[in-house]
Amino acid sequence: MKRAAILISGGGSNMKALVADMGGDHPCRPCLVASNDPAAGGIAWAKAQGIASAVVDHRPFGRDRAGFETALRAQIDATAPDLILLAGFMRILTPDFIRAYEGRMLNIHPSLLPKYPGLHTHARALEAGDTEAGCTVHEVTADLDAGPILGQARVPVLAGDTEATLAARILVQEHRLYPAVLRRFAQGERGRLDLG
Ligand code: GAR
């Protein structure tokens, strides 16, 4: 059984989808939900499920990114995870942090990478007049949102879409894609999963 540490910054709907899928014959169990934001709604949810949780507020560290990451790594490493799952974790990680978990850290991103790495993905897809959008699960490497792609799910962009309506349509697919990719990855499969 693999131990999965999940990193969030907000409501954690992807984290909930991942945890909901873990159980039975699933190759993973959650060992930690950690957040950089004390207000992250997902932390209270994890506690209520009896999952170990940790908050390392990034703000007192100011520009000391290394100090923040050292504190975060201490919390993560204390739970001896096999896998690190970024699920709406909104801090950019340094190469040192990424190197520590290389090959066992995944991220979900709300665009069809390599299109639109970084922020404001939905607005950028709408501005470009794209007819489809989606989400990507990829391995985390030192290049932002550019690690090997493990899976994608696509949705149509509809007339009248706003950032909010497009984001909501993609989020539904994120909740399908991330658990499906995690199952495969944890079993050693590295092929790409494409959901319609
Ligand atoms: C999700 O849409 C996820 O893809 C995105 O943040 C949202 C988190 O929602 N992640 C990124 O933009 C990473 N750069 P959640 O907290 O409900 O899972």
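All positions are counted from 1 along the displayed chain.
From the backbone N, Cα and C atoms, a Cβ is placed for every residue, glycine too.
Per TrEMBL, these features apply:
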type	residues	note
DOMAIN	2-182	domain 'Formyl transferase N-terminal'
BINDING	G12, S13, N14	N(1)-(5-phospho-beta-D-ribosyl)glycinamide binding site
BINDING	R63, M90, R91, I92, L93, N107	(6R)-10-formyltetrahydrofolate binding site
ACT_SITE	H109	active site, proton donor
SITE	D145	site 'Raises pKa of active site His'
Item to check | Cβ under 6 Å from ligand 1: qualifying recorded positions of R63, R91, I92, L93, H109, D145 | outcome: H109
Checklist entry - Three states by DSSP: which one describes S13 (N(1)-(5-phospho-beta-D-ribosyl)glycinamide binding site)? => result helix
Checklist outcome for this item: Counting Cβ atoms within 10 Å of each Cβ, the densest environment among the binding-site residues M90, I92, L93 belongs to L93
Item to check | Least surrounded among the binding-site residues, given as S13, N14, N107, when other CB atoms within 10 Å are counted | outcome: S13
Checklist entry - How many Å lie between the Cα of D145 (site 'Raises pKa of active site His') and the Cα of G12 (N(1)-(5-phospho-beta-D-ribosyl)glycinamide binding site)? => result 19
Checklist entry - R91 ((6R)-10-formyltetrahydrofolate binding site) has how many other Cβ neighbours within 10 Å of its own Cβ? => result 17
Checklist entry - So which of the recorded positions is most packed in, judged by how many other Cβ atoms lie within 10 Å of its Cβ, out of R63, H109? => result H109
Next on the checklist: I want to verify one value. Collapsing DSSP to three states, which class is H109 (active site, proton donor)?
Outcome noted: strand
Item to check | Candidates G12, S13, M90, R91, I92 (binding-site residues) - the one closest to the residue listed as 'active site, proton donor' by CA | outcome: M90
Item to check | Three-state secondary structure, which DSSP defines for L93 ((6R)-10-formyltetrahydrofolate binding site) | outcome: coil
